[in-house]
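For reference, TrEMBL has these:
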DOMAIN    39-116  domain 'Ig-like'
DOMAIN    139-201  domain 'Ig-like'
DOMAIN    206-291  domain 'Ig-like'
DOMAIN    383-478  domain 'Fibronectin type-III'
DOMAIN    484-579  domain 'Fibronectin type-III'
DOMAIN    584-679  domain 'Fibronectin type-III'
DOMAIN    683-730  domain 'Ig-like'
Amino acid sequence: MQGNTLCKRLILELHPFFFTLKVITVFKSLLHIFISEPPFFTEKPEAVSLVSVGGRKVFECKVAGTPEISMKWFKDGVQIHQSLKYKISFFTSVAILEVCVVSQQDSGKYFCEASNEAGRESCIFELVVKGWFSFLFVKGSTAAFASKVAGSAPFSVTWSKDKKPVLSSQKYIIVDSENVGLKIQDCDVDDVGTYQCVVANEVGIPPTFIKKIKNSVRLGQQLTLTATVNGSEPLTVSWVQDKEHILREDDNRRITFENNVVGLVVPKCVRADSGNYTITVENAAGKKTATLIEGLIVKAGTTIALPAKMVGIPLPTAKWMTDGKEITSEGRYHIQSADSTTTLSIPECQRADTGEYILTVSNPAGSKTVALHVTVLDLPGPPIGPINIMEVTPDYMMIQWRAPKDDGGTPITNYVVEKKDVKKPWEPWSVVSSSGTVTRAKVSRLEKGREYIVRVRAENKIGIGAPLESPPTIAKHMFNPPGPPGLPECSDITENAVTVSWSLPDYDGGSPISGYVVERREMTGKWIRVNKTPVLDLRYRVSGLFEGNTYEFRVFAENIAGISEPSLTSDPIKATRAITKPGPPGNLKLKDWSKSHADICWTKPTRDGGSPILGYVIEAQKSGTAQWDRINKDLVKMCAYRVPGLIEGLEYRIRIRATNKVGDSEPRELPQTILAKDILVPPEVVVDVSCRDSVTVRAGQIISLITRVKGRPDPEITWTKDARALGDSR
């Protein structure tokens, strides 16, 4: 369709917090063709983003298509709305989602959906939150951290504690192989802290922002944007305004980069300097980007006033919106629109009023929209609890907490830590520390056994925020005394000493057992400690007993928290000479032997074991066997014995044991073996000297001829007289 049409062109001029709208009327001949194009993304966030706990993440999408385009953000399928946690804006085709104070719960799948009358389009991306890990080590032990790294070796490994370098020493052992690690020898309270490992190779360390961009924008004044960065040099820095305008240094703009601080300085701001500023720092290992959005910063309790001047024919009407909802003049919001001005006022503003406010002015000729981000500065919120009691002793406690979810819109400058005795509520809070931004503290000068409450308050440039209080904590060791040891048992009793042994307690109180205390008492007497220093073993030799007295024993376990209850009392024992098995017999000898027996003798043992020798046991072993056979059924009382039952031609080994009422001694073996055979000795006759020459007797008397006969085996004896054999006659 063609014809003369009245067109009205809207011009929106932006002043700091003041808007002017002009409408110019012209006549043109136009052909109207309406084509609706569905939205599509020209720029999308990275598929996967990694951010640390406590940091912030900004997702940006650039979208094109036929207006008006509606933008929505979702996390894990649930729509995200403007809040202190999430800051959402959509201006000049750029949609921004800022996740503030990132926590582990913010990990997940996010997607941005753009829609208009022609259709809808979405893009999906993922946020991975990198958290800190907490470790608890026993004082005096070795703390070890290890992590496997990937990339091209060699690696350069640096460790820091509370952002201060850790150097390799006897205390700190640094490992820089494929598995990087750090060992801390002999852990102490001073080793408590946050440790960080940075690994680099020839490519370098990706740049990171240590101190993010801060803005101060007022018309005619100097604009200074700075950020502190870290990374391997060389670093390349670039500034961009409104995503398109690459900034160069000129007479009205200076770009600086010194001592890791990048800066952009505009000596005298004009309206053209308003907009979104982005800084990108890049090296061979990667790049980082931070964005500054223009906005208004006010203190809580003051009045937010957003005035705008409108120009147009006919006079435009104004509509204010925030969080996707239209603002009406009611409650805490006041809108005054008269003639060519409109003003949104929020008296006694609160921290929750932080957000993006959108003004849309329109008339039949069209509409214009402008957005302004308002930040309300307030006291910081309370630190995130609970307060973690990391260590407690009778003298001090170590505490830790997390930064507030809401810093009040301005960085935390300090934490105020205070303590109070629960039993003395009338006393004021005592300041423990009031400087530094480290989220842990040592609460010292405690009194043993007293109960304390600790509170922590965050402070920013506005003031000190609400406190976070700890539960009442008693000034004592974190660990409890151990349980009692097991029932003591007595062994190796003598007339003046005994060995007492016991088992480990069922419960160590959470701290390693440092030793044991042993006590004794005579029956119905007082308990007396017998060891001056704690025993490390599970047994102890108690000496200094009196022979004939009866004693009982008990044992205590000890750890860093104190001493346990006593164990059960041992069975009573009497200090008497110990009765043991006797020693082996001595001086075992072979006296004689034949084909059927052997005669042996020995001496008594030198040690009877405290009990009389009851007798002896004789054992024999045939050659070619390993078995020892007992020969005598009953104990042999004498120190001599004939071993019967030998088999001619076999070899035998003989041994003997002494026996008392406790048992048999160790054996004593005959040095040589015995061959069962007769000893052959020719007969020999020795005539007694009394009848060697001649014997004279009176008739009627007895004639006695005495001789001694030798030989093996026993010779046969025959007497003859005048060659005639004599026989036995009566």
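A Cβ is built for glycine as well, from the same backbone N, Cα and C atoms used for every other residue.
TrEMBL does not curate its annotations; it predicts them automatically.
The average pLDDT computed for the domain 'Fibronectin type-III' (383-478) is 91.
Helix, strand and coil content of the domain 'Ig-like' (139-201), in residues and according to DSSP, is 3 helix, 32 strand, 28 coil. DSSP labels the residues of the domain 'Fibronectin type-III' (484-579) in these numbers: 0 helix, 38 strand, 58 coil. As a summary of secondary structure, the domain 'Fibronectin type-III' (584-679) carries 0 helix, 43 strand, 53 coil according to DSSP. With DSSP states grouped into helix (H, G, I), strand (E, B) and coil, the domain 'Fibronectin type-III' (383-478) comes out at 0 helix, 49 strand, 47 coil.
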